[in-house]
Amino acid sequence: MKKSDIDYLVTIVPFLLVSALVLLFFIFPSQASRLLGGIRSLLNNSLGIFYLIFGLFIFLLSIYMAFSKYGNIKLGGGKKEHSDFAWGTMMFTAGLAADILFYSLCEWMLYANQDRISSLGDITLWSATYPLFHWGPIPWAFYVVLASCFGFMLHVRKRTKSKYSEGLRVLLGSHVDGIAGKLVDLTAVFALIAGTATTFSLATPLLSQTVAKLFGLESNNILTIVILLIVCIIYSVCAYLGIDGVSKLASCCTYLFFALLLYVFFCGGHGRFILELGFKSLGNLADNFLSLATYIDPTGKSSFAQDWTVFYWAYWMVWCVATPFFIGSISKGRTIREVILGGYIFGLSGTFISFIILGNYGIALNVFGQANLLKMYNDSQNLYSTIGTIISSLPLPVIAMILLILTMITFYATTFDSITLVAASYSYKDLENKEPSKRIKLYWSILLILLPIGLIFSDNSMSNLQTVSIIAAFPIGIIMILLIISFFKDADMYLNE
């Protein structure tokens, strides 16, 4: 590809912005933390309701799209490019990074002592239910709705620019080729970088601690950075190999993931409790889904919705910059109905099984007195060491640690090599159905790892890391609305042709 094909503005500006943020977190960590806290407070208090309304709207829209005339639209001619299993594993692993393992093991602990949970009654039940809600239908609705829009753009309308701005062409016309399109793409790239930074910075310390414990090393920032760089090398190599490399790694990741779950379920000694609590929490979610989706405390006495539901919807929204593009690109030959329902089947199956087995195992340890995990976490405020106690409680914990390490690494690699492929597309004015060059993919592989390294040197609190996603999600939400309007306008024209 010629150098003239490179979109230097969208390629260089993110690098300058990320470099500035890394320096800010490295040189002024406490000031940066205060700034993030102030911004989060402003967004939560002023705009928290926007995220909640938007999330419920997208879920209802996904149901409408699947069972209306739009669901019959086939994304391109010919046969399906991938088997259902390969398609489902790529969708699942690209849509969920290694943080699903982190949150599956600890999220119930973060809720158990919240006033919101105690006010609902059964703390054990609601601590197991809320994670299923925050990783359930609404988050996956973000993915499948946008994947349908992008799949239509790529495979039906045959547009070759895999960018957010291109999805607005029907609505904005030639303006997408000017400053408006550049602003949309720059916003999308920043959101993507924010999402990857949040994921890496939250989950990598768990990987670092597990590696340190397994090999008798000291767990510190240097080890965490080394692990980040190793993961970067792995997903860079896979990105070099293209979509075939992603498919093979996704299958490997899926096998490791379920091997870990089966080991915990069958060897942990609490299989019956895990199943019964999981079954009950699924019913509880179904019974209370609408009230959970609309819950917010207008008096301001409880900030649970802002601290958790708003964060999660924002977190999934920033990942919509890349993941739906990837899902749309691998969905050629499928109908929109298949994409939406398949996304729910594969996505929800994986996330629910993960939280039910890993989360409920930790709850079982706490309920039956084998380990007072809540007290341990409340006293230390260290999630990673508390998770370490959960892993160590298993028979032959070395096996569990090895499985956890391998699964997290392959999750990271699968997620981020697919994201690298999408992000690299933003560096081109028009790819014309070709893959980005290896140099551009390497550039984005490195860029995506810089901000997480910078955040390691800041006050690496969960609140600060979550704020990065919340800030980036608001403009992305507005763009998503425009993308959906553009899709329906274009789809109506297509159906009337």
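If you go along the chain as it appears here, the first residue is 1 and each next one adds 1.
Each Cβ is built from the backbone N, Cα and C atoms, and glycine gets one as well.
Within its own chain, the transmembrane segment (7-28) has Cβ neighbours under 8 Å at 182, 185-186, 189-190, 193, 426-429, 440, 443, 447, 450-451, 453-455, 457-458, counting only residues six or more beyond its boundaries. Annotation source TrEMBL lists transmembrane segment at 7-28 (among others).
Residues or ranges marked as transmembrane segment in TrEMBL: 48-67 (among others).
Residues or ranges marked as transmembrane segment by TrEMBL: 87-112 (among others). For the transmembrane segment (87-112), the residues of the chain that approach it from at least six positions outside its boundaries are 80, 123, 126-128, 130-131, 134-135, 140, 143, 199, 202-204, 206-207, 246-247, 249-251, 253-254, 260, 308, 319, 323, 326-327, 330-331, 334, 342-343, 345-347, 350-351, 354-355, 357-359, 362-363, 373-374, 377, 383, 386-387, 390-391, 404, 407-412, 414-416, 418-419, judged by C-beta separation under 8 angstroms.
The transmembrane segment annotation in TrEMBL covers 132-154 (among others).
For the transmembrane segment (183-202), the list of distant contacts is 7, 9-10, 13-14, 17-18, 97-99, 102, 163-165, 168, 176, 228, 315, 317-319, 321-322, 412, 415-416, 419, 422-423, 426, 447-449, 451-452, 455-456, 460, 462, 465-466, 468-469, 471-473, 475-476, 479: same-chain residues at least six beyond its ends, Cβ to Cβ under 8 Å. The feature transmembrane segment is assigned by TrEMBL to 183-202 (among others).
TrEMBL lists 222-243 (among others) with the feature transmembrane segment.
Residues of the same chain lying 6 or more positions beyond the ends of the transmembrane segment (255-275) and with a Cβ under 8 Å from any Cβ of it are 101, 350, 353-354, 356-358, 360-361, 364-365, 367-368, 393-396, 399-400, 403-404, 406-407, 410-411. TrEMBL lists 255-275 (among others) with the feature transmembrane segment.
Residues 44, 48, 51-52, 54-55, 90-91, 94-95, 134-135, 138-139, 142-147, 149-151, 162, 164, 188-189, 191-192, 194-195, 198, 339, 343, 418-419, 421-423, 425, 466, 469-470, 472-474, 476-477, 480 of the same chain lie 6+ residues outside the transmembrane segment (310-327) yet bring a C-beta within less than 8 angstroms of a C-beta in it. Taken from TrEMBL, the feature transmembrane segment covers 310-327 (among others).
Marked as transmembrane segment by TrEMBL: 339-363 (among others).
Per TrEMBL, the feature transmembrane segment maps to 383-406 (among others).
Feature annotation from TrEMBL assigns transmembrane segment to 442-458 (among others). Taking Cβ pairs closer than 8 Å, the transmembrane segment (442-458) reaches residues 11, 14-15, 18-19, 21-26, 29, 32-33, 192-194, 196-197, 200-201, 204, 221, 224-225, 228-229, 231-232, 235-236, 239-240, 416, 419-420, 423-424, 427, 464-465, 468 in its own chain, all 6 or more past its ends.
TrEMBL lists 470-488 (among others) with the feature transmembrane segment.
Counting Cβ pairs closer than 8 Å and at least 6 residues apart in sequence, the transmembrane segment (470-488) and the transmembrane segment (132-154) reach three or more and so form a contact. Here the transmembrane segment (383-406) has Cβ contacts under 8 Å with residues 101-102, 105-106, 109-110, 205-207, 209-211, 213-214, 256, 259-260, 263-264, 267-268, 361-362, 365, 370-371, 373, 376-377, 462 of the same chain, all six or more residues outside its ends.
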